[in-house]
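Colleague: Structure below; questions to follow.
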Ligand SMILES: O=c1ccn([C@@H]2O[C@H](COP(=O)(O)O)[C@@H](O)[C@H]2O)c(=O)[nH]1
């Protein structure tokens, strides 16, 4: 079990995978004080979401910019410097050594933390092999985690299926952030490596990223509160 270094209610990160700032603001209103931490990714980020990120951070919410940067080192570094001014807590980059090194160096002195995306949670071994990799998912996740730790990356994005093994490898110093969260009975969608909130926390995840199971619920606030209940029970 994880030490209680993160308040239980701050462990849920709701992915604002929505088409406009207006729809995101409406969802944030509905969720109210049930959610303290939001993730903004491609869909909203390219539709005005970066300004919303700054507004949210200014209003006391925490923000995870899931931009999954990956480019030559200089471009990654300059991008990270720009993102560092937006007020976000987390920014993702893909877990390639040049990319991680550039991002870590460029975030120095800012409050921004870099998360390395190990292997996307929609991938299984077959998908990885189709993409040209010889390693299976668990071996590639672990190899990338070791590289990330050696390069000073602040945290890892993986499926909760790898959380227990990663915790043994990286200890308590790196944030383990896990999408692929599915409360019992929710649709899997395109996710292939999934766990319930309770099992993910028990496996060692620090933060749970949840999109559709909250956004598409008839009562999103009740869905978020149900996840908080699972998290609290798993930490008790
Ligand atoms: O490996 C990864 C990395 C990022 N994500 C992002 O998390 C959310 C998950 O949304 P759900 O609707 O709960 O499936 C989404 O924004 C992804 O871009 C991920 O799923 N897996």
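Glycine is no exception: its Cβ is also placed from the backbone N, Cα and C atoms.
Remember, TrEMBL labels are computer predictions, not curated facts.
So TrEMBL lists these for the protein:
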DOMAIN    11-227  domain 'Orotidine 5'-phosphate decarboxylase'
BINDING   17, 39, 66-75, 121, 182, 191, 211-212  substrate binding site
ACT_SITE  66  active site, for OMPdecase activity
ACT_SITE  68  active site, for OMPdecase activity
ACT_SITE  68  active site, proton donor
ACT_SITE  71  active site, for OMPdecase activity
Colleague: Give the subset of the recorded positions 17, 68, 70, 73, 121, 211 lying near ligand 1, defined as CB under 6 A from any of its atoms.
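Modeller: The ones that qualify, in sequence order, are 17, 121, 211.
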Colleague: Looking only at 73, 211, the binding-site residues on record, which one has the least crowded Cβ, with the fewest other Cβ atoms within 10 Å?
Modeller: 73
Colleague: Near the Cβ of residue 17 (substrate binding site), how many other Cβ atoms are there if near means within 10 Å?
Modeller: 18
Colleague: If you count Cβ atoms within 10 Å of the Cβ of residue 68 (active site, for OMPdecase activity), leaving out that atom itself, what do you get?
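Modeller: Its Cβ has 17 other Cβ atoms within 10 Å.
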Colleague: Are there any residues at least 6 positions away along the chain from residue 66 (active site, for OMPdecase activity) with a Cβ closer than 8 Å to its Cβ? List them or say none.
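Modeller: For residue 66 (active site, for OMPdecase activity), the qualifying residues are 15, 39, 40, 41, 42, 90, 92.
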Colleague: For residue 71 (active site, for OMPdecase activity), write down the residues of its own chain that are at least 6 apart in sequence and whose Cβ falls under 8 Å from its Cβ; none is a fine answer.
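Modeller: Non-local contacts for residue 71 (active site, for OMPdecase activity): 79, 99.
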Colleague: Looking only at the domain 'Orotidine 5'-phosphate decarboxylase' (11-227), what is the model's average confidence as pLDDT?
Modeller: 98
Colleague: Below 8 Å Cβ to Cβ and six or more residues apart, same chain only. Which residues does that give for residue 121 (substrate binding site)?
Modeller: 158, 159, 178, 179, 180, 191, 192, 193, 194
